[in-house]
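S.K.: My questions all concern the structure below.
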Amino acid sequence: MNRLAVELPGLSLKNPIMPASGCFGFGREYARFYDLSVLGAIMIKATTKEPRFGNPTPRVAETPGGMLNAIGLQNPGLDKVLEEELPWLEQFDVPIIANIAGSTVEEYVEVAEAISQAPNVHALELNISCPNVKKGGIAFGTVPDVAAELTRLVKQVSAVPVYVKLSPNVTDIVAMAKAIEQAGADGLTMINTLVGMRIDVKTGRPILANGTGGLSGPAVKPIAIRMIYEVSQAVSIPIIGMGGIQTAEDVLEFFYAGASAVAVGTANFVDPFVCPTIIADLPALLDDLGIGHISECIGRSWKTGAHAVHCRA
């Protein structure tokens, strides 16, 4: 029995560990270090209809507990992803989750319909955290009704299950999650980055050319845990958790909060082997805690009658 196997809508995962979108590109650089087939899945970099060159530099800044980024969804565009990146990934025995983004509802729908037809794309990750709605400038990811309508329209055209990536930069993330579930989402991924800023003490100016950026890394982990804990008790669709994961112990904490799988982001920049290391470490950790299968950990922190976990002597 594979103690790490996880079944999610559209995804049969050999283990619940995957690199998060935006921290792994399309896998080419990491394939020089290890066989990508060891991963549970790969969340590829966000894809838009046309190529995007991203924001001006500098667009990355280190922080004491992680990093800020303002990349700006740089990507080669839909055609190149379909013609080059996804075919290259077919050599690996790993399901692909395609992260899609757009500036308009129409762009989201067009990209979703096209990329969901690729043979190795098993699910979509709907990135509603960055773009704005045409004719109004309302962020897709911060207004429940708008997020729900976008989810509904993408679901209508997608050939694979749709997971929606939630922004933590909202007043009520539970309300957002419920609206998206009611619109037909198959799952959630959370959390995306928090808006932050660093200022250069010598110049008095923001370090990032964009001014603000997305904070990720260990600093956001307690926020991610809290939000997953709340959302997982309010919805019935599965959650892929992310936000500051570095170790196998971090993975279990996310599972206890209510996640059914996890994505590792910023840690890939620190250690390119972090994902296979976590995968290798998980079985021994389960043994130490007397846990038979990783799925036993889902929601343990809040489920009625859940037994406490005690390390074996």
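The backbone N, Cα and C atoms fix where each Cβ goes, glycine too.
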S.K.: Pick the one from Asn120, Asn127 that Swiss-Prot also lists for the substrate site with Lys45, Asn69, Ala70, Ile71, Gly72, Leu73, Asn192, Thr193.
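M.R.: So the substrate site in Swiss-Prot includes Lys45, Asn69, Ala70, Ile71, Gly72, Leu73, Asn192, Thr193 plus, from the candidates Asn120, Asn127, Asn127.
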S.K.: Which of these, Ser21, Ser37, Ser116, Ser232, does Swiss-Prot list as part of the FMN site with Lys45, Ala46, Asn99, Asn127, Lys165, Ile191, Gly217, Gly243, Gly244, Gly265, Thr266?
M.R.: Ser21
S.K.: How many Å separate the Cα atoms of Ser21 (FMN binding site) and Lys45 (substrate binding site)?
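M.R.: Here the two Cα atoms lie 5 Å apart.
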S.K.: If you pair up every Cα among Lys45, Asn69, Ala70, Ile71, Gly72, Leu73, Asn127, Asn192, Thr193, the residues annotated as binding substrate, what's the maximum separation in angstrom, rounded to an integer?
M.R.: 16
S.K.: Test of understanding: give the count of other CB atoms lying within 10 angstroms of the CB of Asn127 (FMN binding site).
M.R.: 25
S.K.: Including all protein chains shown, what's the count of other C-beta atoms within 10 A of the C-beta of Ala46 (FMN binding site)?
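M.R.: Looking across every protein chain shown, the total is 25.
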